[in-house]
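Asks: Encoded as structure tokens, here's the structure I'll be asking about.
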Amino acid sequence: MTYVVTENCIKCKYMDCVEVCPVDCFYEGENMLVIHPDECIDCGVCEPECPAEAIKPDTEQNLEKWLGVNAEYAKTWPNITQKKDAPADAKEF
């Protein structure tokens, strides 16, 4: 099992999840974060930290697309280990 970042993160990027991840498995794109599925240890501490409710366990239904997105982009986006400010317009999304 792994956790998956879903569409609710797009344009939000609050990054509270990054601060609590014990294995630094988050990767940052321009508009969202993703979780590297092979690095995630399934601890679940990130899920309740996300104010956008964008993080879900991959055991939930209909997450195949987002699991693929996370796996693909985690290979190329830079690793993020410290929280940054959310975009100024994050609350609009």
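Glycine residues also receive a Cβ, built from the backbone N, Cα and C atoms like all the rest.
What you see is a predicted model, and the numbers here were worked out from it, not measured in a lab.
Annotations per Swiss-Prot:
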type: BINDING; residues: Cys9, Cys17, Cys50; note: [3Fe-4S] cluster binding site
type: BINDING; residues: Cys21, Cys40, Cys43, Cys46; note: [4Fe-4S] cluster binding site
type: DOMAIN; residues: 2-30; note: domain '4Fe-4S ferredoxin-type 1'
type: DOMAIN; residues: 31-60; note: domain '4Fe-4S ferredoxin-type 2'
Asks: Which residues of the same chain, at least 6 past either end of the domain '4Fe-4S ferredoxin-type 2' (31-60), have a Cβ under 8 Å from a Cβ in it?
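Replies: Beyond its ends, the domain '4Fe-4S ferredoxin-type 2' (31-60) has Cβ neighbours at 1-25, 66-67, 69-71, 73-75, 77, 80.
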Asks: Can you check which residues sit near Cys50 ([3Fe-4S] cluster binding site), meaning Cβ under 8 Å from its Cβ, same chain, 6 or more apart in sequence, and list them in order?
Replies: Asn8, Cys9, Tyr14, Asp16, Cys17
Asks: By the DSSP assignment reduced to helix, strand and coil, which category contains Cys9 ([3Fe-4S] cluster binding site)?
Replies: helix
Asks: Just counting, how many other CB atoms are there within 10 A of the CB of Cys9 ([3Fe-4S] cluster binding site)?
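Replies: Summing over all protein chains shown, Cys9 ([3Fe-4S] cluster binding site) has 24 other Cβ atoms within 10 Å.
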Asks: Determine, for the [3Fe-4S] cluster site, the additional residues of the same chain whose CB lies within 8 Å of the mean position of the CB atoms of Cys9, Cys17, Cys50; present them in sequence order.
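Replies: Those within range, site residues removed, are Val5, Asn8, Cys12, Tyr14, Met15, Asp16, Leu33, Cys46, Glu49, Pro51, Ala52, Ala54, Ile55.
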Asks: Including all protein chains displayed, how many Cβ atoms other than that of Cys40 ([4Fe-4S] cluster binding site) lie within 10 Å of its Cβ?
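Replies: Its Cβ has 22 other Cβ atoms within 10 Å.
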Asks: Tell me, how many other CB atoms lie within 10 A of the CB of Cys43 ([4Fe-4S] cluster binding site), whichever protein chain they belong to?
Replies: 12
Asks: List the residues of the same chain that sit at least 6 positions away from Cys21 ([4Fe-4S] cluster binding site) in sequence and have their Cβ under 8 Å from its Cβ, in sequence order, or write 'none'.
Replies: Val45, Cys46
Asks: List, in sequence order, the residues of the same chain other than Cys21, Cys40, Cys43, Cys46 whose Cβ lies within 8 Å of the centroid of the Cβ atoms of the recorded [4Fe-4S] cluster site.
Replies: Tyr3, Cys17, Val20, Pro22, Val23, Cys25, Ile35, Ile41, Asp42, Gly44, Val45
Asks: Helix, strand, coil: count each for the residues of the domain '4Fe-4S ferredoxin-type 2' (31-60), based on DSSP.
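Replies: The counts are 3 helix, 6 strand, 21 coil.
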